[in-house]
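Trainee: Below are the structure tokens for one structure; questions will follow.
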């Protein structure tokens, strides 16, 4: 399962001292092959069991207009699940910083530049939407619909990743439900810094034991993987051991460096809500 020392990761700026550039430089973006975690899971690019995307929110986006006046916006970026690469988050931050002292003629030019560069890095479809601040002011904090499974009176003493909890988690009774946990915590694959998230699991199939599901999610606490990889692992494990007819997994992680990452994977017509949660 470990691929931390894979040669595809050795050239990343993540975990290394770097200079911050404030003039536009698309070469700062770095991609990580999605195959790194998909291959060990037995997931083939031409036969993936899900569709979905990685939704990024850009909170620290600034550039200069044609007359040199600083501009700011909030961005929403979505990478398609089928792109060859995910975008490494530190490189994304460094790339966005390179806009800070660069002149652009319009908001639309910034949007087109982001879309072009991110598509080249991801080697796949990317959509970009930019919002002026007044377009977003007053938006309420969102919440995940579903039943929260966190308030269980259970004793936990294992924080090492394990799929064993799911192996006997599904019963014969067919249900359709949405379960939510705010206790997802994993760690960056390279730096091992903590990543905090909330996860929504929507499925139809044999009823999943909520205690065992919670123990499984808590077992990510010492697990080292990128956000997108954790969500695909959760989807794959639930699909494998619980065998639901339909399944959607959507996680929203807290922001770091002005970015939050919100991956979702589904085998049905699930549409993710994009409002930020209370910890974002």
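Note that the numbers count up from 1, one per residue, in the order the chain is shown.
The backbone N, Cα and C atoms fix where each Cβ goes, glycine too.
If you look up TrEMBL, you'll see 188 marked as active site, thioimide intermediate. Taken from TrEMBL, the feature active site, proton donor covers 195. Per TrEMBL, the feature substrate binding site maps to 87, 88, 89, 227, 228. TrEMBL lists 89, 90, 256, 257 with the feature NADPH binding site. According to TrEMBL, the domain 'NADPH-dependent 7-cyano-7-deazaguanine reductase N-terminal' annotation covers 20-130.
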Trainee: Given residue 227 (substrate binding site) and residue 195 (active site, proton donor), what distance in Å do their CA atoms have, once rounded to a whole number?
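Mentor: Pair distance, Cα basis, whole Å: 8 Å.
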Trainee: How many neighbouring Cβ atoms, not counting its own, are there within 10 Å of the Cβ of residue 90 (NADPH binding site)?
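Mentor: For residue 90 (NADPH binding site), the 10 Å Cβ neighbour count is 21.
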Trainee: Within 10 Å of the Cβ of residue 228 (substrate binding site), how many other Cβ atoms can you find? Include all protein chains, please.
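Mentor: Looking across every protein chain shown, the total is 25.
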Trainee: Which of these binding-site residues has the least crowded Cβ, counting other Cβ atoms within 10 Å: 227, 256?
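Mentor: Each of the binding-site residues 227, 256 was scored by Cβ atoms within 10 Å; lowest is 256.
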Trainee: In angstrom units, rounded to an integer, how far apart are the Cα atoms of residue 228 (substrate binding site) and the residue listed as 'active site, proton donor'?
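Mentor: About 11 Å separate the Cα atoms of these two residues.
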Trainee: Considering all pairs of residues in 89, 90, 256, 257, annotated in the record as contacting NADPH, what is the maximal C-alpha distance expressed in whole angstrom?
Mentor: 9
